[in-house]
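Before any comments, here is the structure.
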Amino acid sequence: MLILSCSSKLRLLEGTLRRSLPDTLLVYGTVMTINRGNPAAQEVLVDSWPEFKVVLTRPRREVASDVSDLYTNTYIVYCRDLGDHQALLASAGAVNWGQSFCILGNLCPKASGRAPQQLNIYVLFGSTPGSHPTMTAPKLDPAMRLSSLDVSHADLLNETWSFGGNEKSRKYLATLIRHFPSICLLDAAGHPVSWIASYPFGAMGPGYTLHEHRRRGYMVMLINLLAKRLHALGYPSYGLVDVENYSMQRLQESNLGLGAVPLCTPPRYCRWPSLCPPPQLSSTPPSPSERAFRCPRQLPSLPKS
């Protein structure tokens, strides 16, 4: 794998990935973010250049210093053809198997027979955002106001996020709030009652509405506003939803016109917040399916392009 660090090559890659939407959604969004200041300190790897079959984004080593932080240690992958994911997993230095991490993308080809229902992330994708024909603006209390999330709200998001509840997730959410678009509805006391943030790969989420403020149309309004804000920055309109969060799935499909897109990633690599066990030493050569638990912690250096 080659580290793609040249700005002109990264812009060319962005344009190439855009032509393959929605299959390239997550990696395209990440490359966009890298080309626009790279606030999450990510880097891009390809199997070859200028022709490529695999694109992988990962956090830089200085960011991924905590081997137990699978929130920060998130890899985004796009494999063009069936079988390319095996070459990616076998590529020395591409993935640090000695850390807890998750991989999102189409790492697992559709031909493998895994249905999207087996995953714990649901991808919803749409065209240019706008007011859905059936959507009406909610009536707001005059004391309420729209705002962006503040880092001081990270604890509240951490308590309500289905993948949160620990210090590493709180730190990750604070990073999302600090660097990426978000929107919330504040009550008269200035406390968030409904909100949605966005990820480093341009997707909407995490989002939540306090129970006492539900069924008032707040989330539909916020998602629509955030989708427009992200679209103005050039990002596609899409979001990630917990696969068991049926109410949010229905809300986005029926009110915003978004449709499901399969996210083919092996469940082993995207179970948040379960941590991968540390690698175990053995004299027996590891099989491809066991490689995550047998490879050494040290990453070899990769060539740059």
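Using the three backbone atoms N, Cα and C, a Cβ is placed for every residue, glycine included.
Listed in TrEMBL for this protein:
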type	residues	note
DOMAIN	1-105	domain 'Glycine N-acyltransferase N-terminal'
DOMAIN	140-181	domain 'Glycine N-acyltransferase N-terminal'
DOMAIN	183-254	domain 'Glycine N-acyltransferase C-terminal'
REGION	280-305	region 'Disordered'
- [ ] Just give the helix, strand and coil counts over the domain 'Glycine N-acyltransferase C-terminal' (183-254), going by DSSP.
- [x] 27 helix, 23 strand, 22 coil
- [ ] Check the domain 'Glycine N-acyltransferase N-terminal' (1-105) for me and report the mean pLDDT.
- [x] 89
